[in-house]
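Novice: Marked as Ni(2+) binding site by TrEMBL: H2. Among the features that TrEMBL reports, Zn(2+) binding site is placed at C73, C76, C89, C92.
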Amino acid sequence: MHEMSLAEGILAIVEQQRAQSPFGCVKSIELEIGELAGVELESLLFSLDAVFKHSVADGAEVRVERLPGLAHCFNCDSEVPLSRRGESCPRCGGFQLHLIGGSEMRVKSLEVE
Ligand SMILES: [Zn+2]
């Protein structure tokens with residue numbers, strides 16, 4: 001499952017942080033996930049719950065910030081919102097879109113103690 005490996009990747013990031021500056025446990029973790037990242041949020045949260053169990057992040061509060069899709073249209077030379085990959089430009093209907101936002105998936109911050 002895609003989300004399960006994402007969750008494992010997130011835990012790996014947490015462990016990396018811990019190796020650099022040791023801490024007892026993770027209180028909360030903030031994630032940034034773009035609307036176009038292809039991540040099923042519910043499935044990810046479920047996977048995180050499973051992966052975090054008995055780890056340093058067990059019981060951590062998970063907060064997710066969703067970033068809207070954004071593209072640059074070469075046809076009308078403007079930045080436009082994009083709700084799905086493969087859609088045409090909402091301004092001019094062109095298809096020469098270059099994705100500039102909304103596909104990210106990262107750990108924004110960790111609160112530890
Ligand atoms: Zn356009």
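Numbering starts at 1 and runs along the chain as displayed.
Heads up, the Cβ atoms here are built off N, Cα and C, so glycines get one too.
Are these features on the surface or tucked inside, and what are their neighbours?
Specialist: Cβ environment of H2 (Ni(2+) binding site): G38, V39, E40 lie under 8 Å away, each six or more residues apart in the same chain. In the three-state DSSP scheme, H2 (Ni(2+) binding site) is classed as helix.
In the three-state DSSP reading, C89 (Zn(2+) binding site) counts as coil.
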Novice: Should we count any of the binding-site residues H2, C73, C76, C89, C92 as near ligand 1, judged by a CB under 6 A from one of its atoms, and which?
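Specialist: What lies within reach of ligand 1, judged by Cβ under 6 Å, is C73, C76, C89, C92.
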Novice: Of C73, C76, the binding-site residues given in the record, which has the fewest other CB atoms within 10 A of its CB?
Specialist: C76
